[in-house]
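Participant: Quick paste of what TrEMBL says about this protein:
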- 42-64: transmembrane segment (TRANSMEM)
- 76-95: transmembrane segment (TRANSMEM)
- 136-155: transmembrane segment (TRANSMEM)
- 162-183: transmembrane segment (TRANSMEM)
- 195-213: transmembrane segment (TRANSMEM)
- 225-245: transmembrane segment (TRANSMEM)
- 251-275: transmembrane segment (TRANSMEM)
- 287-309: transmembrane segment (TRANSMEM)
- 315-334: transmembrane segment (TRANSMEM)
Amino acid sequence: MDCDAGEVPSKCRRTLRRWRGFFCGPQNLSLKDVFTWQLFKTILMGQALSMLICGTAVTCQYLSEAGVATPMLQSFLNYVLLLLTYTLALAFRKGENNIFQILKKKWCKYLLMALTDVEANYTVVKAYQYTTLTSIQLLDCFVIPVLMVLSWIFLKTRYKPLHFIAVVVCMLGVGAMVGADLLAGRDQGSSSNVLLGDGLVLVSAALYAVSNLCQEYTVKNLTRVEFLGMMGFFGTLISGVQMAILEPKNITAIIWDWRICLLFVAYTLCMYGLYSFMPVVVKMTSATAVNLSLLTADLFSLFCGIFLFHFNFSGMYIVSFVVITLGFIMFNIVPTHTTDQSYGNDGAYHLASSADIQQNEDVIIEDLLQKDRVENQGGTGCKPCNGLCASK
């Protein structure tokens, strides 16, 4: 009786804790449990990606001021660098992981993935010719809901209410940033054909969502090197052909000097770092979480613009950064889950958060208690009832 009476409360507590976590998430966790090193590492890595995007934005601004308008050439240089590193690495592999075996089996899939990525980059740059910066900043967030829907359908990812609340919080942060831009008079860009420009932004966001979805699936089920190697191979071919068709006059019009060359090198290295580093963060978290962290990239660009291009400062920029970061933290506190666990690697689509650690500890403790009960019932070593259970 003592054994049974002692087990009931503990079973009830574990059951209640699991159901509470299922419906509400880790709301009863302490700050120490929530703000783990894993969460801080995810935040830092996400902001590092934002800084790389900031680097590309700053170099693009300088190139634009120098009269350089060659988005395909800039993308081409990045894909060539990926080709010279990751694609060559695949060429020296043996067996099923060799580049020839990969191309033989999956060339069509990687061709479509690279095409999606190249055109996403091109359309968003093209949109700046027709619409305003404010429209681009707002509509570019369309990538997040599209990515969540695609993840729900194809990756079987299931979100909890807190995830949707976190996305809304991040959108509020973006709204604060756009409001600060308007107050500071930074509604830059053309307005020659706003409808066309806004449409290009939405197309770009949808293409980015598809590209990021494919990236998440590939790096979590195959390898990062294979993904980047194939992107470098097909991206070089596609961007090279498109560059030869669309930009020969713009390229010949460039007045090359050490400053222009340095800007091209800086842009290419930032893009190469972004492409190389982003799959690492995607594998740790998810493509949706990474895109939420990238919302701060515009803020880093604004902070750099205050010193480099003499933009006007607004306190709303700080508010926007804090709100977006808060939404990103909220999204990563509660883990997502997939309905098909046989699909992909173990835990492939689980966010690494404090909630995962808590759930794993609960499973381990429950297994140990179950093992102890089995051992106690099978012998005379049951200490709580001094062997009475076995004698019965």
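From the backbone N, Cα and C atoms, a Cβ is placed for every residue, glycine too.
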Participant: Taking the transmembrane segment (42-64) as the reference, which of 136-155, 162-183, 225-245, 251-275 gives the largest number of Cβ pairs under 8 angstroms?
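Facilitator: The listed stretch sharing the most Cβ pairs with the transmembrane segment (42-64) is 251-275.
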Participant: Are the transmembrane segment (251-275) and the transmembrane segment (136-155) close enough that 3 or more Cβ pairs fall under 8 Å, when only pairs 6 or more apart in sequence count?
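Facilitator: Between the transmembrane segment (136-155) and the transmembrane segment (251-275), contact is absent.
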Participant: Can you name the far-off residues of the same chain, 6+ from the ends of the transmembrane segment (315-334), with a Cβ under 8 Å from a Cβ of it?
Facilitator: 25-26, 34, 39, 42-43, 46, 160, 162-163, 165-174, 176-177, 179-180, 183, 285, 288-289, 292-293, 295-296, 299, 302-303, 351, 353-355
Participant: Can you say which of 162-183, 225-245, 251-275, 287-309 has the most Cβ pairs under 8 Å with the transmembrane segment (76-95)?
Facilitator: 225-245
Participant: So which of 162-183, 251-275, 287-309 is most in touch with the transmembrane segment (225-245), counting Cβ pairs under 8 Å?
Facilitator: 251-275
Participant: Can you name the far-off residues of the same chain, 6+ from the ends of the transmembrane segment (287-309), with a Cβ under 8 Å from a Cβ of it?
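Facilitator: Distant contacts of the transmembrane segment (287-309): 42-43, 46-47, 49-51, 53-54, 57-58, 61, 137, 141, 143-144, 147-148, 151, 166-167, 170, 173-174, 177, 181, 186, 212-213, 215-216, 278, 281, 317, 320-321, 324-325, 327-328, 331-332, 351.
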Participant: Which sequence positions outside the transmembrane segment (162-183), separated from its termini by at least 6 residues, show Cβ-Cβ distances below 8 Å to it?
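Facilitator: That would be 25, 133-134, 137-138, 141, 144-145, 148, 292, 295, 298-299, 302, 314-317, 319-328, 330-331, 333-334, 336.
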